[in-house]
Number of protein chains: 6
Amino acid sequence: MFFHIKELQYHAKPEKPDPLFAKKLQEILGGQFGEISVALQYLFQGWSVRGNGKYKDLLMDTGAEELAHIEMLATMIARLLDGAPVGDLEKAAKDPVLGAILGGMNPQHAIVSGLGAMPADSVGNRWTADYIIASGNLLADFRANLNAESQGRLQAVRLYEETTDRGVKDMLSWLIARDTMHQNQWLAAIKELEAKENVVVPSTFPRHLEKREVSHVLFNFSRGNESATGRWAKGPSMDGEGVFQYVEHPQPLAKKPVLKPAPAYIHDTPPSVIQHPRDDILPPNLY
Amino acid sequence: MFFHIKELQYHAKPEKPDPLFAKKLQEILGGQFGEISVALQYLFQGWSVRGNGKYKDLLMDTGAEELAHIEMLATMIARLLDGAPVGDLEKAAKDPVLGAILGGMNPQHAIVSGLGAMPADSVGNRWTADYIIASGNLLADFRANLNAESQGRLQAVRLYEETTDRGVKDMLSWLIARDTMHQNQWLAAIKELEAKENVVVPSTFPRHLEKREVSHVLFNFSRGNESATGRWAKGPSMDGEGVFQYVEHPQPLAKKPVLKPAPAYIHDTPPSVIQHPRDDILPPNLY
Amino acid sequence: MFFHIKELQYHAKPEKPDPLFAKKLQEILGGQFGEISVALQYLFQGWSVRGNGKYKDLLMDTGAEELAHIEMLATMIARLLDGAPVGDLEKAAKDPVLGAILGGMNPQHAIVSGLGAMPADSVGNRWTADYIIASGNLLADFRANLNAESQGRLQAVRLYEETTDRGVKDMLSWLIARDTMHQNQWLAAIKELEAKENVVVPSTFPRHLEKREVSHVLFNFSRGNESATGRWAKGPSMDGEGVFQYVEHPQPLAKKPVLKPAPAYIHDTPPSVIQHPRDDILPPNLY
Amino acid sequence: MFFHIKELQYHAKPEKPDPLFAKKLQEILGGQFGEISVALQYLFQGWSVRGNGKYKDLLMDTGAEELAHIEMLATMIARLLDGAPVGDLEKAAKDPVLGAILGGMNPQHAIVSGLGAMPADSVGNRWTADYIIASGNLLADFRANLNAESQGRLQAVRLYEETTDRGVKDMLSWLIARDTMHQNQWLAAIKELEAKENVVVPSTFPRHLEKREVSHVLFNFSRGNESATGRWAKGPSMDGEGVFQYVEHPQPLAKKPVLKPAPAYIHDTPPSVIQHPRDDILPPNLY
Amino acid sequence: MFFHIKELQYHAKPEKPDPLFAKKLQEILGGQFGEISVALQYLFQGWSVRGNGKYKDLLMDTGAEELAHIEMLATMIARLLDGAPVGDLEKAAKDPVLGAILGGMNPQHAIVSGLGAMPADSVGNRWTADYIIASGNLLADFRANLNAESQGRLQAVRLYEETTDRGVKDMLSWLIARDTMHQNQWLAAIKELEAKENVVVPSTFPRHLEKREVSHVLFNFSRGNESATGRWAKGPSMDGEGVFQYVEHPQPLAKKPVLKPAPAYIHDTPPSVIQHPRDDILPPNLY
Amino acid sequence: MFFHIKELQYHAKPEKPDPLFAKKLQEILGGQFGEISVALQYLFQGWSVRGNGKYKDLLMDTGAEELAHIEMLATMIARLLDGAPVGDLEKAAKDPVLGAILGGMNPQHAIVSGLGAMPADSVGNRWTADYIIASGNLLADFRANLNAESQGRLQAVRLYEETTDRGVKDMLSWLIARDTMHQNQWLAAIKELEAKENVVVPSTFPRHLEKREVSHVLFNFSRGNESATGRWAKGPSMDGEGVFQYVEHPQPLAKKPVLKPAPAYIHDTPPSVIQHPRDDILPPNLY
């Protein structure tokens, strides 16, 4: 159950309106790695934890905090849109700044949301749950979380570089610091789970059931062997289960597949029109 | 530039058709963490690498391999659909297996693709580039890759458990092993980049510009303090830049925001109808 | 800012697992009118209120409650999925109930979410912000809210009829009652705003600027005049601004449009190939 | 069955081209509340009416009219795009108006549609049936329709304010007037159905089956009690079935949920790694 | 402008309800090549024709007819859903047909649409304007139309094979015949335009501006030269502008690209971490 | 299986950066008819061919080439974004070119992709598999391919007209030439299949099972009979199976449908509220 208080976790007040930056700032509110994504990702992961304890609590702590970040960004965007101009282009364009705003601001901020923030990214794509991840396997999911906080901090930093407004920079410096913590916390949790399980997810699948002969092999499918010089091509593997190998000229292990004709009621191209050689015979001219 | 050979990287032949499993197998072909996702994710990351060398080569090697995995899965699904029944329910339902197939198979496998694989997941959602990630920052992106291979292997393992077909299991054991390698390789690359940069992405943003006082603080926003018992709540932080702290009762740092009225031409609810108190004055009854 | 407590607002425990019903129940969690939709709709509306006072508070109260409903449904769905069977169809299908489950359950509940709830509807479409509405005009938005609670209660009632599980019915009877309240509350708020403004949204647009001659006219575009017998075709209009009229044979008021050829650099079909008569001349054979 | 005549319902001719406004105008053609949405929403509702009579006829009348509005907007947009410039930015930018157009117009109007209207909104999101609603319950659906016409008129009014072109304003004044009528007609139909049934949808669910003790209660989940001052917090409820109550400190009614471990074949994080306390026992340290 | 009459273009009455087939039939109502797609595709093409005459009229004729087909399918689906069972699985599963229906029908037909048709395909994906095409170039668009009618007829034929209901088959035999006509008419129109212009779209781009040396060349990028035996690999090209050639071993024509480092404010991986060789120099070890 | 070489098929180097054109160029990389679409469309068609031989080989040849085109465009876009400005609008807007860039470039190129290409179109919609087609019927699919190459070449030509950069034009002239070939090759393949089968897809459905009386009839549903003057309205049909006919006043062939009431458990509007006349009786006042 959730309680809300109306005070903000941190300040969200620009020095002055900037409708163009409002559009850009939507990215970290409603984009792939915006605050809606992390809030719902952590909450759904938390609700799915089978058991309880510190991991579930950590997810719910952080999920609830991200709701506060949505709120801060929604507030900041509404203020950046204060009194946004929507008027006649021809008149406006005499002032180059105004012209750039009229050409560049998100028209939906005026037409659809009435100068409010939208659950959308910086080009207007509406937020979708395609962005979020909750698998029931915490090591997998904490890696998703570490990625989300890495991408999110990167985007916040880029936005910090794109404005000179001290109010906006102040709020971003808060969000960037929180992303620092969140990267740290998921790193700590990952380290602990990797120690308890193994670095390969899921750790519970018996290794003898996989084709172990290719579990630590790098296949060179892009000509040039720079990749052979990396740590991943030699030495003991990260999971302690083998040794990295490099295969310069990977070969196919299965013959050219030939699919059987479809039944007549499917009305694919009839077999008489397509050549149907005997399955799995390699034509002699291929090798 | 790409060259194709028609032989498969590995076998993709079931013991016998199973249209219901064909539907499920779509998940790791066209789902969020299916082979289309990793193929295009690695290729787009590779094409965006500014510079060259081993990281770019590794991305292109792996991206090209994932194309071969799409091909294997597409072949397997077509074979699982061989001669799929599409007939009359009432007659079919007398055979419970046939009834379950008719009720449960993906109808688009018969109506739309003509017994071919589709670029869609196990419930029929078409693949979307919302699933993929390429930021230009390799540490961030390799974390996305590690997550993708973790989720992907987890899903392949779950599918392995859902079938008794030895041909399908054989192919999955190959894909699971490759996911083992791919987790290992991204782990190796991540370790190297973390050592060169820092564990916090992006490493190039000056730390003094963020609100360092909250860079290593866990706020307890979900009642109960199990999360205080984790590594992330005490001791030195993972980035070596501070000490984890735990705040049991987090407080808001900004006043309740009050937004200014919109201009008349926006036609929001008029100010006379909504109460517009002076900005940022906390009403006395709130505390 | 938000705080979470781990206790649930109301019970969410089924008598026994039912993976098929888990799939159906997703509709009111992650569907068009599920709890994610109302939670985010109310919160975004609240964050956009320009001014403060009772309307904003009501939105935040209700938005925060809907977060608790997402939580209840996520919990219920995870429990309905307890120990869900994923095994071999041929064996399973000997038990017709098991066969129906294997054919009918959402395969992603096993493959993707690991027996957890998903941010998706009952056919697996992921939640999208296309579903939500926040315009800055409260009368418009409260109508959206009234609709959402009407559709939502209707769906909850239909689901209530589709199960015999007393635990599920108990939880639904709570959600249905809350939807009763929410319909009541939006009705009360709408009534108040309609009295302060006018029933037509937005009330602030000067009426003389619209084509008043068609502001209260019903055009009969579907042959048969049953619609002429309704209240909307005669008597004073609901907005007190006119009298309803019925036009049995509506006529076009503008000539047939003829668009000018595109510039050559657009490479549309060349004008020499398409007939380009003089603009706005009605060919004589048309009337 | 449908017949088309080529004359327009009303004029759709701008004074002069304006590619930037063409982009904005797309909102009420192909946006969430654009004419495609209302046309298909009313038609699908009409086709689903089980029975006939005035409601079905009204839906078909209005649905057919909205098709004519799509046509008017498509025509207007094509004309606003007449001869749209697509040339070199550097040269163009010497003329600020041209620069703003080149930076701000929808590039797909030139590249994809060849200066024609698109089934998309003002930021280029393609229209999706996620926007529309047809439930089989007319009172619910007429509320959806009233909302659609409220949002639609609001957007048309905002666009009216954003142009000085007399031709565009003339067309919008027609569409605004029609939205006035459509709000009026759905209000009339809603009033009639509410009188026949009850204000709570669906009216056919027996009230004793819902948790009546919370059917008229406002829970204060957002600190501050401004919402207690509203009509929805005291006095008889709108449905005549109870009295509104206000609960200042809402309490959870169910214990903290603890989910059972997943079966081994799901490969969630193993129970040994997550704490699995006995279900529904509140740990003593929490309160 | 559009007029509607309530009579159907053709019969749409099944012998008896079949909720499973109702789900499948959604494909040709709301799928990629369903009737919504062709209706809106033809209408948008028609509205964008710059000029008038027979092509525009043909588009409007056919677009209006497809609206009648949506109506027929919506009616048929509602009737196939008559009295659809939604009850308890355990009881139902004793009747295998009922079990298959409960497991296999679209749950949204009961929960969301109230036994009405939906603007969605056979797996529940909502219709999207991503499916439709209108470019302003009629030869291009008529090819899109010919494809749509080919795919549409193929799907209708497959559905015809999947039912034994004489009422459904009767309606499908009508739609299949209409698709026959529509393929014929677009073929006729294409033939005419190809004769007036050229077979290559757009015909108005000066041929000397393209790299004519590769305008009629087949590159063999998939090992094996079966494709060399086709008409497309030898003889005069279809556009009368050249002779087909076959290149067995295609070579790259540009060096390996090396991208410049990003500016510091982008915070990509720093150049010091990625190798930045001089642009366009082929490392000697590659060949 | 696929191999990659790092050299490009053709040059992809602009004279100088142009972030605005980078945004536009995304259309033919990640738009509806961009290179991702054709690459995956041809590959999926190829993998689904049941049988082998020249058609499958042609599909794989062309699919692999399109992968190289994605690569060229990704490279070109990254270079057009070299050093893209992201700074302060107010300062920038003093330079009109810079102002237009800041207002008009895709903000995600800076915030999300770090100056890399994205799998998205020119307005930022992410690529979706909704765009692609693979039915198992080659004649149908080759028509889809011919359309894709027609739309793709049209878009490339329009982009060619929108730039003066010689490097960009050079690359586009290559892609345009390849589209010329691809239109030619699908035309050749279509001609061959039409000769072997029939022009109507699918050719395998017995003609006597369709309503042959309407297989060659043009219904005039849009007033005005310009369409009667086309080849499709008279003379032998293109499939050699009949003679085109024109019906000036098409009549409905089925009565007005009346749907039965829904079961009570669906909670649609109750029958007592909607008029339920006897099915299929035309009310006398309608004609």
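Every residue gets a Cβ built from N, Cα and C, even glycine.
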* Asked: F:H4, F:H69, F:H208: which one does TrEMBL list with F:E35, F:E149, F:H182 for the Mn(2+) 1 site?
  -> F:H69
* Structure fact -> Keeping only the binding-site residues of F:D61, F:E66, F:S222, F:G224 whose C-alpha lies within 10 A of that of F:E35 (Mn(2+) 1 binding site) yields F:E66
* To do: Report the nearest neighbour of F:H69 (Mn(2+) 1 binding site) in space among the binding-site residues F:D57, F:D61, F:N220, F:S222, F:G224, comparing Cα positions.
  => F:D61
* Around the Mn(2+) 1 site (F:E35, F:H69, F:E149, F:H182), what further same-chain residues have their C-beta within 8 angstroms of the site's C-beta centre? -> F:V38, F:A39, F:T62, F:E65, F:E66, F:A148, F:G152, F:L175, F:R178, F:D179
* Are there binding-site residues in F:D57, F:S222, F:G224 whose CB lies under 8 Å from a CB of chain D, and which ones? -> F:S222, F:G224
* Note down the number of other Cβ atoms within 10 Å of the Cβ of F:D61 (Ca(2+) binding site), including every protein chain shown. => 28
* Structure fact -> Listed binding-site residues F:D61, F:H69, F:E149, F:H182, F:S222 screened against chain C; CB under 8 A survivors are none
* To do: Among F:D57, F:E66, F:N220, F:S222, F:G224, these being the binding-site residues, pick the one whose CA is nearest to that of F:E149 (Mn(2+) 1 binding site).
  => F:E66
* Structural state of F:N220 (Ca(2+) binding site), classified by DSSP into three states -> coil
* Asked: So which of these binding-site residues, F:E35, F:E66, F:H69, F:H182, F:N220, get their C-beta under 8 angstroms from chain E?
  -> F:N220
* With an 8 Å cut-off on Cβ-Cβ distance and a minimum sequence separation of at least 6, pull the same-chain contacts of F:E66 (Mn(2+) 2 binding site), or say none. => F:E35, F:V38, F:A39, F:Y42
* Same-chain residues six or more away whose CB lies under 8 A from the CB of F:N220 (Ca(2+) binding site)? -> F:S227, F:A228, F:Y246, F:V247, F:E248, F:H249, F:P250
* F:H182 (Mn(2+) 1 binding site): which of the binding-site residues F:D57, F:D61, F:S222 is the nearest Cα neighbour? -> F:D61
